[in-house]
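Student: Could you have a look at this structure, given as structure tokens, before my questions?
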Amino acid sequence: METTLNGSMSLMIQEGKIPGFEQFFYTFSPNNYPNDALILNQFVCNVTFTTFPNDTHSFNKYGDPPARFDIIKWLFSPRHHIVTRKVGSFNVSDHEAQFYINHSADLWGPLFNMIPQSLCNEPCAPGYRKSKREGAPSCCYDCVPCVDGEMSNTSDSPKCFKCPEYQMSNKERTACVSKFINYLSYEDTLGASLASVALMLFLTTSTVQGIFVKYWETPIVRANNQNLSCLLLISLMLCFLCTLLFIGRPTQICCLLRQVTFGIVFTISVSSVLAKTLTVIIAFNATKPGSKLKKYVGTQLAIVLVIICSLGKIGISTMWMASCPPFLEADMFSEMDTIILKCNEGSVTFFFCIIGYIGTLALLSFIAAFLAKDFPDRFNEAKNITFSMLGFCSVWGAFVPAYLSSKGSRMVAVEIFAILSSSAGLLGCIFAPKCYIIFIRPELNTRVVVVARNQ
């Protein structure tokens, strides 16, 4: 409250900027004394008297009259037009105080139906917070929108409130809503496409397996160890199926199984290829006079090699699971509006040990196949193995930087793509030529032609 003097004493009780008017306030104005009565003669103390027409006046022991004011509404328009209207009174004496408002009077009209606010600006809407203006009155402030991850759901909020970690602010910043959950889903185009490709390759490999069983005794199947070919086809089918463990909402069991399963079946596949190549090398050198390799010709050495290679992979996996096993992780910080569900590999070192172990076997297979590619053997598949291992090593060599630079579902998709493409390369390079001879050139798949080639 502040006191103003403008010809007659008045007491201002409220002031504010109102649309259409420069000022809007109420004043208390003396209503019962002539101007000469306000002169506060100090010798007139404890006096009560009556004036015409029957108005009673009194002064207290200090010579002060009782406070009696009219409450007047003032409206000031931009064109200097003033509207005043009495709406009540306020009387104070030594014994009591009376405050009277005439409710029948139009207190806030004609422009308002409720008390106007004394503010420099409109209240801040939900989604905003108040920001004080430097050097301005406390009623003057700016409205600042809440930042991502914060919200305000009331008007004139003094601050924005941070959303919980698993939630984010909506577009209007007026509420916290659940974050999007990101993982490679079967409903996603990418996830559905990879799953479809995996199933198609599995069915293709199963068909090739059926073809080899049907033509089991033909020279093209018997060449280069038919048992190893069967084992390789089975492991390739499992390679295609294991990619399904990477698609869908991850669980703790999937996180534990998928890298171990992938590592074991891939180790069997690559070690089978290595065994097939070594079988060709041993068989060729065993034909030389005085060679001691004749006792190693057959399937036993190949099976032993596959078992030894697989045991090495099992040993690495066992240490991995015992020390730092993979676990399900919800990444809430990489992206503001998304929770990334992923399998944390537990130990990056063990993960890349698995990749390196398989890569080493593939490199050995490539070297062995390259050395045996010119051997004069029946249906020599060393050249095909050379190309398959070259493609295999190229895929997994590109996998490492692509995997490390990816996040969320893209990281999983990169690994699935590497598994599918490298396995498909093995299937196509090694078995497509055999199927070509079986169906397109069956005349080459006869004992007469084989004998003729060996003579």
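Each residue, glycine too, has its Cβ placed from N, Cα and C.
Pulled these features from TrEMBL for this protein:
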DOMAIN    190-447  domain 'G-protein coupled receptors family 3 profile'
TRANSMEM  194-216  transmembrane segment
TRANSMEM  228-248  transmembrane segment
TRANSMEM  260-284  transmembrane segment
TRANSMEM  296-328  transmembrane segment
TRANSMEM  348-372  transmembrane segment
TRANSMEM  384-404  transmembrane segment
TRANSMEM  416-439  transmembrane segment
Student: Averaged over the domain 'G-protein coupled receptors family 3 profile' (190-447), what pLDDT does the predicted model reach?
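Tutor: Mean pLDDT for the domain 'G-protein coupled receptors family 3 profile' (190-447): 86.
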Student: Which sequence-distant residues neighbour the transmembrane segment (194-216)? Criterion: at least 6 residues beyond either end, Cβ under 8 Å.
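Tutor: For the transmembrane segment (194-216), the nonlocal Cβ contacts are 184, 186, 222, 226, 229-230, 233-234, 236-237, 240-241, 243-244, 247, 413, 416-417, 420, 423-424, 427, 431, 434-435, 438, 445.
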Student: In the same chain, who gets a Cβ under 8 Å from the transmembrane segment (348-372) while lying at least 6 residues past its ends?
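Tutor: Same-chain contacts beyond the flanks: 259, 263, 266-267, 270-271, 273-274, 277-278, 280-281, 284, 309, 312-313, 316-317, 319-320, 323-324, 380, 382-383, 385-386, 389-390, 392-393, 396-397, 399-400.
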Student: By Cβ distance under 8 Å, which residues at least 6 away from the ends of the transmembrane segment (384-404) in the same chain are close to it?
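Tutor: Sequence-distant neighbours of the transmembrane segment (384-404): 270, 273, 276-277, 352, 355, 358-359, 362-363, 365-366, 369-370, 373, 411, 414-415, 418, 421-422, 425-426, 428-430, 433.
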Student: Is the transmembrane segment (416-439) packed against any residues at least 6 beyond its ends, judged by a Cβ distance under 8 Å, and which are they?
Tutor: 184, 194, 197-198, 201, 204-205, 208, 211-212, 215, 218, 220-221, 229, 232-233, 236, 239-240, 242-243, 246-247, 262, 266, 269, 273, 379, 381, 384-385, 387-388, 391-392, 395-396, 398-399, 403, 445
